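Read through the structure below, which is laid out as structure tokens, and then see the notes.
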């Protein structure tokens with residue numbers, strides 16, 4: 001029997017030792033959040049209303065932008081609450097729900113990047129059959145599959161958090177709730193909650209990355225078989241935006257993993273900063289990458305003509 005079991009709310013944490021600078025940090029975070037909203041919101045608006053962007057590639061991009069917006073909307077209230085008014089308390093239910101959405105959407109984002117790799121593979125390997133293979137209904141089924149994989153796979157580790165007793169410190173490490181943070185506060189056997197995420201990461205992030213890598217090996221093999229150098233460059237250029245988004249996402253994942261695994265002696269603020277980079281850098285960069293590298297988005301203000 002664990003002593004001092006408490007139903008007191010959890011306490012969120014900002015940047016320990018930097019409370020005096022919260023005013024300036026909050027301005028930086030607010031600017032980043034506004035940029036994320038404007039960038040991803042603009043992408044969604046253009047894809048919805050512009051005839052030049054009615055292609056499977058841009059439907060997947062819309063899914064990516066929607067995921068980035070939802071992650072940002074999930075973390076923003078608690079992060080800005082801590083930085084602006086030092087509101088640190090969060091109820092158990094709200095905390096578990098936030099952790100569930102955050103982790104689920106991370107897996108969803110990985111799945112969308114995998115779907116986009118498949119899209120690029122079909123576009124280069126079978127360009128004449130591209131739209132007949134990736135029909136609207138098939139794109140919707142892929143998107144639904146990615147969503148279900150993300151949200152169903154997180155149910156097993158999140159549900160036990162609701163019935164775990166909490167008798168240790170209720171102070172969390174971040175200004176938002178993460179599964180690994182909350183489970184450490186539980187006074188119960190958390191073996192399943194320790195092992196399941198390792199298996200889940202291997203079957204989602206790691207496996208997705210391997211399949212994306214394999215798809216690009218096949219893409220490169222196909223492109224090398226094109227006789228014209230100009231056509232080869234043109235084909236590869238259609239993949240640059242996606243490759244850049246994949247690198248941004250997986251480099252932040254790898255960076256966060258290395259900090260947690262091997263940076264035990266690093267200052268706590270480094271761990272916290274890497275977590276914010278992981279959740280904010282991809283949503284911030286993805287619209288910029290696609291806007292710079294994709295000609296259709298750059299000319300999306302042009303009128304549409306049908307003949």
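Heads up, the Cβ atoms here are built off N, Cα and C, so glycines get one too.
Record features (TrEMBL):
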type: TRANSMEM; residues: 20-46; note: transmembrane segment
type: DOMAIN; residues: 39-290; note: domain 'G-protein coupled receptors family 1 profile'
type: TRANSMEM; residues: 58-85; note: transmembrane segment
type: TRANSMEM; residues: 97-118; note: transmembrane segment
type: TRANSMEM; residues: 139-163; note: transmembrane segment
type: TRANSMEM; residues: 195-219; note: transmembrane segment
type: TRANSMEM; residues: 240-263; note: transmembrane segment
type: TRANSMEM; residues: 269-290; note: transmembrane segment
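Taking pairs at least six residues apart, the transmembrane segment (97-118) and the transmembrane segment (195-219) share three or more Cβ pairs below 8 Å and count as touching.
Looking at the domain 'G-protein coupled receptors family 1 profile' (39-290) alone, the prediction's average pLDDT is 91.
If you look at the transmembrane segment (240-263), the same-chain residues 6 or more away from its ends with a CB under 8 A from one of its CBs are 64, 109-110, 113, 116-117, 120, 205, 209, 212, 216, 270-271, 274-275, 277-278, 281-282, 285-286, 289-290, 293-294.
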